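Here Swiss-Prot flags 185, 225, 385 as active site, charge relay system, drawing on sequence analysis. According to Swiss-Prot, the feature domain 'Peptidase S8' maps to 154-460. Feature annotation from Swiss-Prot assigns N-linked glycosylation site to 532; the stated evidence is sequence analysis. Look at Swiss-Prot and you will find 37 tagged as sulfotyrosine. If you look up Swiss-Prot, you'll see 449-691 marked as region 'C-terminal domain', on the strength of similarity to another entry. Positions annotated as signal peptide by Swiss-Prot: 1-29.
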């Protein structure tokens with residue numbers, strides 16, 4: 001250990017922070033699309049570790065670490081190679097690192113080599129060697145290991161059952177028997193009568209040592225968290241999917257603590273099992289949370305692309321879920337916790353996480369489930385782990401009915417069948433209320449006939465930041481169509497939004513304005529089979545003319561309007577006018593704005609326009625689509641300069657304006673919400689034929 005101290009270079013903290021901010025790694029973080037919060041992690045990079053010098057002198061790879069210092073595990077690192085590297089390269093790179101370290105008098109312990117999940121390896125080494133490792137060929141980035149934690153601090157079964165189907169006994173549409181659920185948790189008491197014969201405890205185990213030399217490993221303590229969650233998923237009496245089979249992987253120790261690296265190895269174990277013996281629908285339950293981790297999110301993305309459904313706890317820190325992993329991974333279904341009154345769960349001074357990275361909430365307080373104290377004992381537990389277990393069970397029920405559902409289709413159905421607008425949003429911080437979904441998970445009333453529905457969801461971007469040229473970007477899942485794009489700014493200063501192609505996919509971009517506090521981009525993402533969509537743009541016109549963007553191709557219908565403008569005064573004093581025609585085929589905008597029409601062709605697709613305006617400025621104006629129609633586009637028709645933006649909440653278009661009492665405005669001009677509502681006759685007909 002003395003060698004480590006003698007070789008370390010100490011930098012003055014202000015100079016070190018300046019080097020970090022100016023370094024190329026910071027620029028790379030802004031460009032990376034694996035997670036919007038990566039720059040937060042990079043900003044906290046190695047303040048006192050002497051790593052800034054390494055990142056400035058020839059290192060093409062980047063270094064990442066947990067933003068929460070107490071959770072960091074210095075000395076253990078995940079080295080991730082570039083995607084195009086050969087399968088043999090991880091071992092070769094590890095051996096090269098070991099050889100070069102040995103020449104410098106250091107020993108490196110190779111703990112694990114990743115092949116099937118991502119190319120890379122796990123090593124234990126001195127942090128003095130990070131400069132050397134970052135300069136190795138083929139290395140993409142290195143992440144310091146960090147801790148993850150269990151997230152647990154029969155009203156619940158009644159709550160997830162649709163109201164008109166409730167009876168004295170919980171009766172889901174099916175038992176989820178076609179689905180296999182992997183649980184990454186503590187060990188499990190497989191002999192408990194709730195789960196006996198339903199759980200297979202695998203031989204996998206990768207856990208850190210418990211803290212403290214006097215910790216006594218009682219079986220009941222070591223098994224408690226995993227046993228309870230296994231019972232919530234598939235227990236005979238208290239389970240959601242009573243027929244689902246469950247496989248247990250131990251990644252948390254007896255204190256409910258694990259590491260990012262252990263979780264990665266567990267996920268790779270699942271991927272290997274899937275490759276060796278492909279099974280039907282597969283759900284992975286991740287009832288744990290740690291600080292934001294690029295490598296853990298990347299692993300979840302790889303597994304999701306292989307057809308695995310991942311369900312994760314949002315976290316119990318009463319904080320933005322986007323700051324934690326795996327909750328922040330876009331490919332993961334992230335679940336917050338509510339109580340019996342459908343309100344957010346409070347756990348002492350903490351509580352459920354929230355924000356745009358949460359997909360929905362589920363029962364997570366005083367949940368009765370199997371106890372590891374004895375084979376017939378039950379116990380009540382609370383937390384987002386319990387909430388995630390409910391959604392994993394609901395997913396098993398849905399997948400048993402429709403085994404071919406993709407992740408995007410399953411997520412859309414979970415959102416569609418949830419109870420809506422039942423959570424008191426005042427519990428959340430004010431700036432998070434508009435971003436947090438007001439959805440509580442529920443079983444579908446029937447597992448048949450849902451295919452006729454045109455499913456859409458709203459995806460919010462991360463906040464752009466306050467600089468004049470700042471942009472925000474929202475994107476849909478690969479299987480979804482981006483049917484419209486809108487923007488929102490709490491200050492009202494923005495330069496509109498547009499849809500742009502990036503990397504073969506369309507994304508929604510929103511633009512901040514001078515003096516603004518930042519902007520959000522809001523994408524409307526839909527499942528539209530056999531769709532052919534395109535964007536038609538009308539550039540700024542003459543001073544006395546408006547702009548019109550048309551859907552001129554035969555059979556194409558308008559699904560959304562957007563506009564952006566470069567002149568600051570236009571955004572401040574003359575916002576663009578977006579009004580689809582009587583037949584939704586064109587978008588009309590202000591003469592100084594570029595107006596964009598999203599036009600789509602799909603079998604049986606039909607759309608119409610709904611508009612609702614008020615004669616004087618209001619803080620909020622809404623218009624909703626009728627039952628059977630789905631909102632695809634939402635925009636504002638303003639006659640005032642105080643529009644904050646427009647966004648979709650379920651099938652309702654919401655237009656927000658600044659509080660007139662605070663702006664001093666005396667304008668009497670109307671504000672209108674304009675909705676484009678669509679449906680697919682083709683999907684409805686196909687569903688009826690199947691029935």
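Here the Cβ of each residue, glycine as well, is placed from N, Cα and C on the backbone.
Features as recorded by Swiss-Prot, highlighted on the structure.
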{"residue": "185", "record": "active site, charge relay system", "Cβ within 10 Å": "29"}
{"residue": "225", "record": "active site, charge relay system", "Cβ within 10 Å": "28"}
{"residue": "385", "record": "active site, charge relay system", "Cβ within 10 Å": "34"}
{"residue": "532", "record": "N-linked glycosylation site", "Cβ within 10 Å": "13"}
What DSSP gives for residue 385 (active site, charge relay system), in three states, is helix
Spatial neighbour of the residue listed as 'N-linked glycosylation site' that is closest, considering only the active-site residues 185, 225, 385 and their CA atoms:
385
May I ask for the distance between residue 185 (active site, charge relay system) and residue 385 (active site, charge relay system), taken between their Cα atoms and rounded to an integer number of Å?
10
What does the structure give for the C-alpha distance between residue 385 (active site, charge relay system) and residue 225 (active site, charge relay system)? Integer Å is fine.
9
